[in-house]
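Colleague: Found this in TrEMBL, in case it helps:
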- 136-361: domain 'ABC transmembrane type-2' (DOMAIN)
- 12-33: transmembrane segment (TRANSMEM)
- 171-191: transmembrane segment (TRANSMEM)
- 212-235: transmembrane segment (TRANSMEM)
- 247-268: transmembrane segment (TRANSMEM)
- 280-299: transmembrane segment (TRANSMEM)
- 336-358: transmembrane segment (TRANSMEM)
Amino acid sequence: MIGIMIGKFRLLVRKPGALIATTLICMLFAFMVGKAGFDKVEIPVYSSMEADELKLYINQLNKGDVFHFKQSTEEDVKERVSEGKVEAGVHLEKSKYTIYVAGNTKNIPLLEQYVKSFYERNEKQKAMEGIARKSTDIDRNEVEWPEMFSLKTSYFANEEKPSYNQTLQSLFGFTLFFVIYTIGFNVVDILNEKQMGIWDRIIISPTSKVAVYTANLIYSFLIGYVQVVFIFLVFRFGAGVDFHGAFGKALLIIIPYLFSIVALTILLTGLVKTTGQFNALLPLVGVSFAMLGGAYWPLEIVSSKWLLAISKVIPVTYGMELLKGAVISKSSLQELLYPIGILLLMGVVMMGIGIRLIERRHV
(Lines of atoms letter the chains of each structure in order from A and count residues from 1; the text may use other names and numbers.)
(Lines give C-alpha, C1' and ligand atoms only; values in the text may rest on other atoms or scores of the structure.)
Protein backbone atom coordinates (compact mmCIF):
# COMPACT_ATOMS: atom_id res chain seq x y z
CA MET A 1 0.00 0.00 0.00
CA ILE A 2 2.81 2.41 0.89
CA GLY A 3 4.55 1.59 -2.38
CA ILE A 4 1.43 2.46 -4.37
CA MET A 5 1.11 5.80 -2.59
CA ILE A 6 4.79 6.61 -3.13
CA GLY A 7 4.40 5.83 -6.82
CA LYS A 8 1.41 8.17 -7.10
CA PHE A 9 3.26 10.99 -5.34
CA ARG A 10 6.16 10.55 -7.77
CA LEU A 11 3.77 10.81 -10.70
CA LEU A 12 2.34 13.98 -9.14
CA VAL A 13 5.81 15.51 -8.86
CA ARG A 14 6.41 14.76 -12.54
CA LYS A 15 3.07 16.23 -13.67
CA PRO A 16 1.78 18.73 -11.09
CA GLY A 17 0.11 20.97 -13.69
CA ALA A 18 -3.52 20.00 -13.00
CA LEU A 19 -3.19 20.45 -9.22
CA ILE A 20 -1.43 23.80 -9.59
CA ALA A 21 -4.02 25.02 -12.11
CA THR A 22 -7.04 24.17 -9.96
CA THR A 23 -5.39 25.71 -6.89
CA LEU A 24 -4.58 28.98 -8.67
CA ILE A 25 -8.04 29.20 -10.26
CA CYS A 26 -9.66 28.59 -6.87
CA MET A 27 -7.62 31.36 -5.23
CA LEU A 28 -8.33 33.74 -8.11
CA PHE A 29 -12.09 33.22 -7.95
CA ALA A 30 -12.14 33.45 -4.16
CA PHE A 31 -10.14 36.69 -4.24
CA MET A 32 -12.17 38.34 -7.00
CA VAL A 33 -15.57 37.43 -5.56
CA GLY A 34 -14.49 38.08 -1.97
CA LYS A 35 -12.96 41.41 -2.92
CA ALA A 36 -16.31 43.03 -2.31
CA GLY A 37 -16.03 41.92 1.30
CA PHE A 38 -13.25 44.46 1.92
CA ASP A 39 -15.54 47.39 0.96
CA LYS A 40 -18.78 47.71 2.88
CA VAL A 41 -22.00 48.50 1.02
CA GLU A 42 -23.18 52.01 1.90
CA ILE A 43 -26.75 52.24 3.19
CA PRO A 44 -28.13 55.76 3.89
CA VAL A 45 -30.59 56.01 6.78
CA TYR A 46 -32.91 58.65 8.22
CA SER A 47 -35.02 58.78 11.36
CA SER A 48 -37.18 60.97 13.59
CA MET A 49 -35.40 59.70 16.72
CA GLU A 50 -33.21 61.92 18.85
CA ALA A 51 -29.72 62.48 17.46
CA ASP A 52 -27.96 60.62 20.28
CA GLU A 53 -30.30 57.64 20.04
CA LEU A 54 -29.98 57.47 16.25
CA LYS A 55 -26.20 57.62 16.54
CA LEU A 56 -26.30 54.67 18.95
CA TYR A 57 -28.42 52.66 16.50
CA ILE A 58 -26.09 53.44 13.59
CA ASN A 59 -22.98 52.55 15.60
CA GLN A 60 -24.50 49.19 16.53
CA LEU A 61 -25.51 48.47 12.94
CA ASN A 62 -22.05 49.36 11.65
CA LYS A 63 -20.46 46.58 13.71
CA GLY A 64 -21.29 44.16 10.90
CA ASP A 65 -18.90 43.21 8.11
CA VAL A 66 -21.05 43.90 5.05
CA PHE A 67 -22.96 47.19 5.36
CA HIS A 68 -22.00 50.75 6.32
CA PHE A 69 -24.98 52.76 7.56
CA LYS A 70 -24.71 56.52 7.12
CA GLN A 71 -27.08 59.17 8.47
CA SER A 72 -28.90 61.29 5.89
CA THR A 73 -32.21 63.05 5.25
CA GLU A 74 -35.46 61.50 4.06
CA GLU A 75 -35.35 63.38 0.76
CA ASP A 76 -31.74 62.41 0.08
CA VAL A 77 -32.33 58.73 0.89
CA LYS A 78 -35.37 58.41 -1.38
CA GLU A 79 -33.69 60.36 -4.17
CA ARG A 80 -30.50 58.27 -4.13
CA VAL A 81 -32.47 55.02 -4.05
CA SER A 82 -34.78 56.06 -6.91
CA GLU A 83 -31.80 57.14 -9.04
CA GLY A 84 -29.95 53.88 -8.36
CA LYS A 85 -26.99 55.55 -6.66
CA VAL A 86 -27.38 53.18 -3.69
CA GLU A 87 -28.90 49.72 -3.48
CA ALA A 88 -31.21 50.56 -0.59
CA GLY A 89 -32.09 53.06 2.12
CA VAL A 90 -33.53 52.53 5.59
CA HIS A 91 -35.98 54.49 7.75
CA LEU A 92 -35.08 53.68 11.35
CA GLU A 93 -37.41 54.02 14.33
CA LYS A 94 -37.23 52.70 17.89
CA SER A 95 -39.21 49.51 17.30
CA LYS A 96 -39.73 49.37 13.53
CA TYR A 97 -37.97 50.05 10.27
CA THR A 98 -38.69 50.50 6.56
CA ILE A 99 -36.34 49.51 3.74
CA TYR A 100 -36.50 51.33 0.41
CA VAL A 101 -35.13 49.51 -2.63
CA ALA A 102 -35.03 50.30 -6.34
CA GLY A 103 -34.32 46.74 -7.49
CA ASN A 104 -33.65 43.25 -6.20
CA THR A 105 -29.89 42.75 -5.87
CA LYS A 106 -27.98 40.02 -4.04
CA ASN A 107 -27.43 42.33 -1.04
CA ILE A 108 -31.11 43.14 -0.44
CA PRO A 109 -32.03 39.82 1.26
CA LEU A 110 -28.86 40.10 3.36
CA LEU A 111 -29.77 43.65 4.36
CA GLU A 112 -33.31 42.62 5.31
CA GLN A 113 -32.02 39.73 7.39
CA TYR A 114 -29.37 41.87 9.07
CA VAL A 115 -31.70 44.74 10.05
CA LYS A 116 -34.41 42.32 11.16
CA SER A 117 -32.01 40.39 13.40
CA PHE A 118 -30.73 43.70 14.83
CA TYR A 119 -34.24 44.75 15.90
CA GLU A 120 -35.01 41.28 17.24
CA ARG A 121 -31.88 41.42 19.42
CA ASN A 122 -32.88 44.86 20.66
CA GLU A 123 -36.37 43.68 21.60
CA LYS A 124 -35.02 40.63 23.43
CA GLN A 125 -32.49 42.75 25.29
CA LYS A 126 -35.15 45.26 26.34
CA ALA A 127 -37.38 42.44 27.56
CA MET A 128 -34.56 40.90 29.60
CA GLU A 129 -33.63 44.28 31.07
CA GLY A 130 -37.27 44.88 32.01
CA ILE A 131 -37.41 41.55 33.84
CA ALA A 132 -34.16 42.36 35.60
CA ARG A 133 -35.46 45.76 36.75
CA LYS A 134 -38.65 44.22 38.12
CA SER A 135 -36.68 41.65 40.08
CA THR A 136 -34.68 44.39 41.83
CA ASP A 137 -37.90 45.98 43.12
CA ILE A 138 -38.58 43.03 45.41
CA ASP A 139 -37.87 43.75 49.04
CA ARG A 140 -35.30 41.11 49.79
CA ASN A 141 -35.65 41.73 53.52
CA GLU A 142 -39.14 40.24 53.51
CA VAL A 143 -38.03 36.82 52.28
CA GLU A 144 -34.95 34.93 53.32
CA TRP A 145 -33.77 32.47 50.69
CA PRO A 146 -31.56 29.58 51.74
CA GLU A 147 -28.14 29.81 50.15
CA MET A 148 -28.32 26.45 48.42
CA PHE A 149 -26.99 27.51 45.04
CA SER A 150 -25.66 30.51 43.15
CA LEU A 151 -27.36 31.93 40.08
CA LYS A 152 -25.51 33.54 37.19
CA THR A 153 -27.48 35.55 34.64
CA SER A 154 -26.19 36.30 31.17
CA TYR A 155 -27.84 37.98 28.21
CA PHE A 156 -27.26 36.22 24.94
CA ALA A 157 -28.52 39.27 23.05
CA ASN A 158 -25.48 41.23 24.14
CA GLU A 159 -23.13 38.88 22.36
CA GLU A 160 -22.50 40.07 18.82
CA LYS A 161 -21.84 37.21 16.43
CA PRO A 162 -21.39 38.11 12.77
CA SER A 163 -23.83 36.12 10.65
CA TYR A 164 -22.32 36.85 7.24
CA ASN A 165 -18.90 37.64 5.86
CA GLN A 166 -18.50 38.04 2.10
CA THR A 167 -14.76 37.36 2.11
CA LEU A 168 -15.03 34.13 4.10
CA GLN A 169 -18.15 33.07 2.20
CA SER A 170 -16.31 33.24 -1.13
CA LEU A 171 -13.13 31.68 0.27
CA PHE A 172 -14.92 28.72 1.84
CA GLY A 173 -17.34 28.28 -1.06
CA PHE A 174 -14.80 28.19 -3.87
CA THR A 175 -12.38 26.06 -1.84
CA LEU A 176 -15.05 23.41 -1.21
CA PHE A 177 -16.10 23.61 -4.85
CA PHE A 178 -12.70 23.24 -6.51
CA VAL A 179 -11.51 20.51 -4.16
CA ILE A 180 -14.26 18.34 -5.65
CA TYR A 181 -12.37 18.45 -8.97
CA THR A 182 -9.00 17.85 -7.32
CA ILE A 183 -10.20 14.75 -5.51
CA GLY A 184 -12.38 13.54 -8.38
CA PHE A 185 -9.67 13.56 -11.01
CA ASN A 186 -7.43 11.57 -8.66
CA VAL A 187 -10.06 9.01 -7.69
CA VAL A 188 -10.91 8.36 -11.35
CA ASP A 189 -7.41 6.90 -11.73
CA ILE A 190 -8.96 3.73 -10.32
CA LEU A 191 -11.05 3.49 -13.48
CA ASN A 192 -8.08 4.31 -15.72
CA GLU A 193 -5.86 1.72 -14.06
CA LYS A 194 -8.53 -0.96 -14.38
CA GLN A 195 -9.01 -0.21 -18.06
CA MET A 196 -5.26 -0.37 -18.70
CA GLY A 197 -4.94 -3.68 -16.84
CA ILE A 198 -2.71 -2.28 -14.10
CA TRP A 199 -5.00 -3.65 -11.40
CA ASP A 200 -4.75 -7.15 -12.85
CA ARG A 201 -0.98 -7.08 -12.43
CA ILE A 202 -1.19 -5.57 -8.93
CA ILE A 203 -3.72 -8.11 -7.69
CA ILE A 204 -1.47 -10.97 -8.85
CA SER A 205 1.15 -9.60 -6.46
CA PRO A 206 0.87 -10.11 -2.67
CA THR A 207 -0.92 -6.73 -2.42
CA SER A 208 -4.60 -7.19 -1.56
CA LYS A 209 -7.44 -5.40 -3.30
CA VAL A 210 -8.31 -3.67 -0.02
CA ALA A 211 -4.80 -2.22 0.16
CA VAL A 212 -5.05 -0.97 -3.43
CA TYR A 213 -8.36 0.78 -2.75
CA THR A 214 -7.06 2.20 0.53
CA ALA A 215 -3.90 3.56 -1.09
CA ASN A 216 -5.86 5.29 -3.85
CA LEU A 217 -8.40 6.80 -1.46
CA ILE A 218 -5.84 8.00 1.09
CA TYR A 219 -3.76 9.55 -1.68
CA SER A 220 -6.79 11.39 -3.12
CA PHE A 221 -7.77 12.59 0.36
CA LEU A 222 -4.26 13.86 1.14
CA ILE A 223 -4.01 15.76 -2.15
CA GLY A 224 -7.34 17.46 -1.46
CA TYR A 225 -6.36 18.26 2.11
CA VAL A 226 -2.98 19.71 1.09
CA GLN A 227 -4.74 21.94 -1.45
CA VAL A 228 -7.21 23.23 1.16
CA VAL A 229 -4.44 23.87 3.71
CA PHE A 230 -2.35 25.72 1.12
CA ILE A 231 -5.26 27.95 0.05
CA PHE A 232 -6.19 28.78 3.64
CA LEU A 233 -2.55 29.55 4.49
CA VAL A 234 -2.22 31.92 1.52
CA PHE A 235 -5.38 33.82 2.41
CA ARG A 236 -4.64 33.85 6.14
CA PHE A 237 -1.03 34.99 6.05
CA GLY A 238 -0.78 36.38 2.51
CA ALA A 239 -4.07 38.24 2.07
CA GLY A 240 -4.64 38.87 5.78
CA VAL A 241 -8.09 37.24 5.94
CA ASP A 242 -9.29 37.07 9.56
CA PHE A 243 -10.32 33.56 10.66
CA HIS A 244 -11.42 34.95 14.05
CA GLY A 245 -8.95 32.76 15.92
CA ALA A 246 -10.36 29.53 14.45
CA PHE A 247 -7.76 28.82 11.76
CA GLY A 248 -6.64 25.54 13.33
CA LYS A 249 -10.22 24.47 13.96
CA ALA A 250 -11.07 25.13 10.30
CA LEU A 251 -8.25 22.84 9.17
CA LEU A 252 -9.54 20.13 11.50
CA ILE A 253 -13.25 20.20 10.72
CA ILE A 254 -12.66 20.17 6.96
CA ILE A 255 -11.61 16.50 7.25
CA PRO A 256 -15.17 15.02 7.36
CA TYR A 257 -16.10 17.03 4.28
CA LEU A 258 -13.10 15.79 2.30
CA PHE A 259 -13.91 12.23 3.34
CA SER A 260 -17.46 12.62 2.00
CA ILE A 261 -16.15 14.06 -1.29
CA VAL A 262 -13.78 11.10 -1.72
CA ALA A 263 -16.77 8.82 -1.19
CA LEU A 264 -18.88 10.87 -3.62
CA THR A 265 -16.30 10.58 -6.39
CA ILE A 266 -16.02 6.84 -5.73
CA LEU A 267 -19.78 6.62 -6.23
CA LEU A 268 -19.57 8.61 -9.48
CA THR A 269 -16.75 6.35 -10.66
CA GLY A 270 -18.96 3.34 -10.03
CA LEU A 271 -21.83 4.87 -12.02
CA VAL A 272 -19.85 5.42 -15.24
CA LYS A 273 -18.11 3.08 -17.68
CA THR A 274 -15.48 5.34 -19.20
CA THR A 275 -13.27 8.24 -18.16
CA GLY A 276 -15.04 10.45 -20.69
CA GLN A 277 -18.37 9.86 -18.96
CA PHE A 278 -16.78 10.70 -15.61
CA ASN A 279 -15.27 13.91 -16.99
CA ALA A 280 -18.72 14.95 -18.19
CA LEU A 281 -20.54 13.97 -15.00
CA LEU A 282 -18.16 15.48 -12.43
CA PRO A 283 -18.55 19.16 -13.50
CA LEU A 284 -22.32 18.73 -13.63
CA VAL A 285 -22.43 17.33 -10.10
CA GLY A 286 -19.82 19.77 -8.77
CA VAL A 287 -21.54 22.92 -10.05
CA SER A 288 -24.99 21.70 -8.99
CA PHE A 289 -23.78 20.83 -5.50
CA ALA A 290 -22.01 24.17 -5.14
CA MET A 291 -25.14 26.09 -6.13
CA LEU A 292 -27.54 24.08 -3.99
CA GLY A 293 -25.13 23.73 -1.07
CA GLY A 294 -24.52 27.43 -0.50
CA ALA A 295 -20.99 27.68 -1.89
CA TYR A 296 -21.82 30.51 -4.30
CA TRP A 297 -24.26 32.35 -2.03
CA PRO A 298 -25.49 31.82 1.56
CA LEU A 299 -28.50 29.55 1.93
CA GLU A 300 -30.08 32.16 4.22
CA ILE A 301 -31.17 34.16 1.16
CA VAL A 302 -32.83 31.14 -0.50
CA SER A 303 -36.61 31.16 0.01
CA SER A 304 -37.60 28.03 -1.93
CA LYS A 305 -38.50 25.19 0.42
CA TRP A 306 -37.73 22.64 -2.30
CA LEU A 307 -34.20 23.91 -2.82
CA LEU A 308 -33.59 24.03 0.92
CA ALA A 309 -34.87 20.46 1.25
CA ILE A 310 -32.55 19.27 -1.55
CA SER A 311 -29.60 21.01 0.12
CA LYS A 312 -29.98 18.72 3.13
CA VAL A 313 -28.59 15.77 1.16
CA ILE A 314 -25.61 17.62 -0.34
CA PRO A 315 -22.18 17.43 1.35
CA VAL A 316 -21.30 21.03 0.42
CA THR A 317 -24.14 22.25 2.64
CA TYR A 318 -22.62 20.68 5.73
CA GLY A 319 -19.08 21.63 4.72
CA MET A 320 -20.12 25.29 4.59
CA GLU A 321 -22.03 24.89 7.84
CA LEU A 322 -18.91 23.52 9.53
CA LEU A 323 -16.55 26.24 8.30
CA LYS A 324 -18.94 29.14 8.85
CA GLY A 325 -20.00 27.75 12.21
CA ALA A 326 -16.44 27.39 13.45
CA VAL A 327 -15.01 30.62 12.02
CA ILE A 328 -17.88 33.11 11.74
CA SER A 329 -20.25 31.95 14.50
CA LYS A 330 -17.40 30.66 16.69
CA SER A 331 -19.25 27.44 17.49
CA SER A 332 -17.55 24.77 19.57
CA LEU A 333 -16.70 21.32 18.25
CA GLN A 334 -19.55 19.89 20.31
CA GLU A 335 -22.02 22.21 18.55
CA LEU A 336 -20.69 21.03 15.18
CA LEU A 337 -21.13 17.31 15.85
CA TYR A 338 -24.37 17.14 13.85
CA PRO A 339 -22.93 18.23 10.46
CA ILE A 340 -19.81 16.16 11.17
CA GLY A 341 -21.96 13.08 11.79
CA ILE A 342 -24.03 13.68 8.65
CA LEU A 343 -20.91 13.97 6.49
CA LEU A 344 -19.40 10.80 7.94
CA LEU A 345 -22.67 8.93 7.38
CA MET A 346 -22.88 10.17 3.80
CA GLY A 347 -19.28 9.13 3.23
CA VAL A 348 -19.73 5.61 4.53
CA VAL A 349 -22.92 5.03 2.52
CA MET A 350 -21.60 6.48 -0.76
CA MET A 351 -18.26 4.72 -0.48
CA GLY A 352 -19.90 1.37 0.19
CA ILE A 353 -22.24 1.73 -2.78
CA GLY A 354 -19.50 3.09 -5.03
CA ILE A 355 -17.01 0.30 -4.38
CA ARG A 356 -19.77 -2.26 -4.82
CA LEU A 357 -20.68 -0.79 -8.22
CA ILE A 358 -17.03 -0.69 -9.33
CA GLU A 359 -16.55 -4.35 -8.43
CA ARG A 360 -19.75 -5.48 -10.12
CA ARG A 361 -18.83 -3.80 -13.40
CA HIS A 362 -15.59 -5.81 -13.70
CA VAL A 363 -14.01 -3.05 -15.76
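Each residue, glycine too, has its Cβ placed from N, Cα and C.
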Colleague: Among 12-33, 171-191, 247-268, 336-358, point out the range having the most Cβ pairs under 8 angstroms from the transmembrane segment (280-299).
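Modeller: Answer is 171-191, with the largest number of Cβ pairs below 8 Å.
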Colleague: So, taking each listed stretch (12-33, 212-235, 247-268) in turn and counting its Cβ pairs to the transmembrane segment (336-358) that are under 8 angstroms, which one gives the highest count?
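Modeller: So the stretch in question is 247-268.
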Colleague: With Cβ distances under 8 Å as the criterion, find the stretch in 12-33, 171-191, 247-268 that has the most pairs with the transmembrane segment (212-235).
Modeller: 171-191
Colleague: In the same chain, who gets a Cβ under 8 Å from the transmembrane segment (247-268) while lying at least 6 residues past its ends?
Modeller: 176, 179-180, 183-184, 187-188, 190, 217, 220-221, 224-225, 228-229, 232, 236, 278, 281-282, 285, 315, 318-319, 322-323, 326-327, 333, 336, 339-340, 343-344, 346-351, 353-355, 357-358
